[in-house]
Amino acid sequence: MKEFRTNTIKYTTSLTLSLIGSEAFKLGTSIFIYKFTGNLWLVTILYLLVQLPSILVYIFSSKIVKKFKNDKLILLFSDIVSFVLLIPTLITFFLTQNNKILSVVLIVFNTLLGFIHAFRFIYLKNVVYYISQNNKQMKIINISNSFATSFGFFLSTIFSFFLFKNLDFYWLVIMNMATYLISGILYYSLKTSATAANFEIVANKNEHVIVKKNKLKSWIFILSGSFLIGIFLYPKTSGLSQLFSSVENYSIDTWGFYLSIIFTSFSLLGVILSFVLNNKIKHQKSFFMILVVLILFLNFVWLFFKNTNEKSYFVSYVVSTTIQQFLFSLFIPIFYSLSYELFDKNNFHKQNGISIVFRTVITSIITLLFTQITIKFGYFYTYLFYAIVILIACLGIFYSMFNFKDAKFKKYYNTSVIATEYIETAKKGLWKSEKKVIDYLIKENLEIKNILDIGCGAGRTTFALAKLFPNAKIKAIDISEELLKNLQNTDNITFELINILEYNTQEKFDFILFSFNGLTNILPQKDVIKFFIKIKELLRDEKSRFVFTIHDIFSSQEYKDFWINKMKIYSLPTLSSKKILSHKHHGIKTKNRFYTHEDMLKIFDEFAFKLHHYFKRDNDLEEDWVNKISMPCVFYDISKI
C-alpha cells in the first residue's frame, strides 16, 4: 500500500508538471497567434495540427505497447524528445521578431509535440496496469489523473498569464522544457509490477461458461464518452478565441487568461470533490447518469441570453460554462474507470486507440465547421451547434447505459394485478418444499445470524424466516416499490428497494434465499455472471448457504421434447440467449432464462460453489395454491468452496 501511495504521488506530480509546461505553451501560443494576427483560422489550425498527427500513434497503439514494453523508459524518452524539440523554438525567438514567422514556428513545433504527447498518453494509460493491483486502486489512479490534469491546466493558465504579461514569450518555452525534464525523471522512478492487473469487471476462464458482453452498447458508450471529452474542450481551446471575436469590450489577452483560470479552477474543485466522494457514492452508475443529464440540459442555458446586453451575454456564458466544466471534471474519472472495466488489457489499447482516432477525426471536422459558422454567422450559432453535438453524445451514453429490459422487468412487478397476487400469496407462508430445504440447514446446526432474502416480494418468505430464525437479522430486498410500500421494518427485518445486481454492502450473510425462481428473471449473460460473483462475495464463509430455485424444464414429456428435440438444449452454450423464452402472465409479457441441471453444475464449477442438496419439488405434496401460482421447479442448496 505504501508503494502504491508513492507511485500515485509520483504519477500525479509528473503528469501535473508536464501539463503545466505543455498547456501553458499551447494556450500562450493560441493567444499569441490571435493577438498578433487576428486570424481565427490560424488558431483553429493550431489545435487541429496538435491532434491530427497523433492519429497514426493511436491507430497502432495496441501494437506499439506490445512492441515497446518498458513503460517507464518510453515516458522518460518522450519527455526528453519533447525537451529537445523545444530548443529550435527557443533559438528562433532570438533570431527574429517577425510575429508571422514566429506564429508558423510555434504551430509547427506544437504539432511535433502533439505527436510525441500521443506516445506518452498511451503509455500513461498502460502503466496504470502495472502500478495498480485492483479496481479500487485503478479508480484512485484515474481520479489522481483527473486531479493532475485539472491542476496542471489551472497552474499552466496562471503561469502563462504571468509570463505572457510580464516577460518575453520565450520564457514559456524555457518553463516547458524544465517541466518535461522533471516529469520524465519522476515517471522513470515509478515502481512497477512485473505483471499487469486485470480490471475487467467479469472474467471467466472456464470455456463452458460463455460470457458475451453487449459489445455494441460497450462501443457506443466508449465512442460517445470519448467524443464528449474531445468536444467539451472546445470552449477552452479554439472556442475561446471565437468567443472574443463576438464581444467588443473584453480583450482576449486579459480576459482569455481570466476565463481559463476560472474554468480550470472549477474543474479542479470538481476533481477534489470526486476524490472526496470516491468511497461514499454507493451507486456510481446512477451518479454518472445524473451528471450526463445535468451536462446535457445546462448546455442549453446560455442560449436564452442571446438578446441580452453584452455584459449579461458574456457573464452568463462564463457562469454556464464554468458549471459545465465542474460537472465534466466529475464525469471524467468515472468514465475512465468504467472504460477500464469494459475491456481486458489486450483489448483496452485497441478500443483506446480506436476511440481516440474517432474522437480526433470527428472533433477536428466539427471544429472546422465551428470556425466557419463563427466567421459567417457569429459565435452564438456556433454554440448552438456545439450544444446539439453535446446532446447527441449524451444521448449515446444514456442509451448505452440504460437497461431497457430491466425497466420492463421492474414495470411487470409493479403492475397492480401482479402485486395483488403476491400480496395474497404472502399470507400463506412457505411452501412445503421450502420448509424441507430449510430443515436441512437447521439439522446441520448451522449458525445463522444474518439472512438475505432476495426478491422478497410482499414478505411471504421474509416473515416465515423471521419465525424460524428469531435471533437472526434479516435484510429483505426487492425491485418492486408496489410490493414493498406496505411493509414495515421491524427490530430484526429491514426492507430495501434495490436490485441484487446493484446491492453494495460490507455485510456478510450466513444464509441467502432467492425463492420463486427469481434467478430465471436475470436474463443478460453478464448479469448472470455478475450475480454469482455477488453471491460469493455476500456469503460469510464456507459454511454459509445459498438456496434458490429454477424452472424444471423436463417436468413433462411435452417439455422434454421441446427442449431436447426442438431447441437441442444440450448443444447450446451454458448461457445461450436461445434459452430465454417469453410468455404471458395475466396478459403481461415477460421473459425467463432456463437452465438444465448440467448448466448449473458448470456454473457451480466455474465459480467454485459446492452443491449440498438438489431436488425437484414434489407437486403432489404441495398445497393447491402453490401448484396454481408456480410451475414445477428445482431446488439447489450451495455454499462457496
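Just so it is clear, glycine is given a Cβ too, placed from its N, Cα and C backbone atoms.
Those TrEMBL annotations? Automatic predictions, nothing curated.
TrEMBL lists 449-560 with the feature domain 'Methyltransferase'. Here the domain 'Methyltransferase' (449-560) returns a mean pLDDT of 95 for the predicted model.
Summarising the annotation, TrEMBL assigns transmembrane segment to 40-61 (among others).
The transmembrane segment annotation in TrEMBL covers 73-95 (among others).
Summarising the annotation, TrEMBL assigns transmembrane segment to 101-123 (among others).
Here TrEMBL flags 143-163 (among others) as transmembrane segment. For the transmembrane segment (143-163), same-chain residues at least 6 beyond its ends with a Cβ under 8 Å from one of its own Cβ atoms are 8, 11-13, 15-25, 27-28, 31, 124, 169, 171-172, 175, 236, 257, 260-261, 264-265, 267-268, 270-272, 274-275, 278, 329, 332-333, 336.
Residues or ranges marked as transmembrane segment in TrEMBL: 169-190 (among others).
Residues 243, 263, 295, 321, 324-325, 328, 331-332, 335, 338-339, 342-343, 351, 355-356, 358-360, 362-363, 366-367, 370, 386, 389-390, 393-397, 399-401 of the same chain, all 6+ positions outside the transmembrane segment (218-235), place their C-beta atoms under 8 angstroms from a C-beta of that stretch. The transmembrane segment annotation in TrEMBL covers 218-235 (among others).
The transmembrane segment annotation in TrEMBL covers 255-275 (among others).
Sequence annotations record features per position, and here TrEMBL assigns transmembrane segment to 287-305 (among others).
As annotated by TrEMBL, transmembrane segment applies to 317-336 (among others).
The transmembrane segment annotation in TrEMBL covers 356-375 (among others).
The annotation transmembrane segment is assigned in TrEMBL to 381-402 (among others).
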Message = Does the transmembrane segment (169-190) come close to the transmembrane segment (73-95), meaning at least 3 CB pairs under 8 Å for residues 6 or more apart?
response = yes
Ask   = For the transmembrane segment (317-336) and the transmembrane segment (101-123), does the number of C-beta pairs under 8 Å, pairs 6 or more apart in sequence, reach 3 or more?
value = no
Message = How about long-range neighbours of the transmembrane segment (287-305): same chain, 6 or more residues beyond its ends, C-beta under 8 Å?
response = 228, 281, 312-313, 316-317, 320-321, 323-324, 327-328, 330-331, 334-335, 338, 380, 383-384, 386-387, 390-391, 394-395, 397-398, 401-402
Task = Please work out which recorded stretch in 40-61, 169-190, 255-275, 381-402 has the most C-beta pairs separated by under 8 angstroms from the transmembrane segment (356-375)?
result = 40-61
Message = Counting CB pairs under 8 Å, which listed stretch among 40-61, 169-190, 255-275, 381-402 touches the transmembrane segment (101-123) the most?
response = 40-61
Query = How do the residues of the domain 'Methyltransferase' (449-560) split into helix, strand and coil according to DSSP?
reply = 38 helix, 29 strand, 45 coil
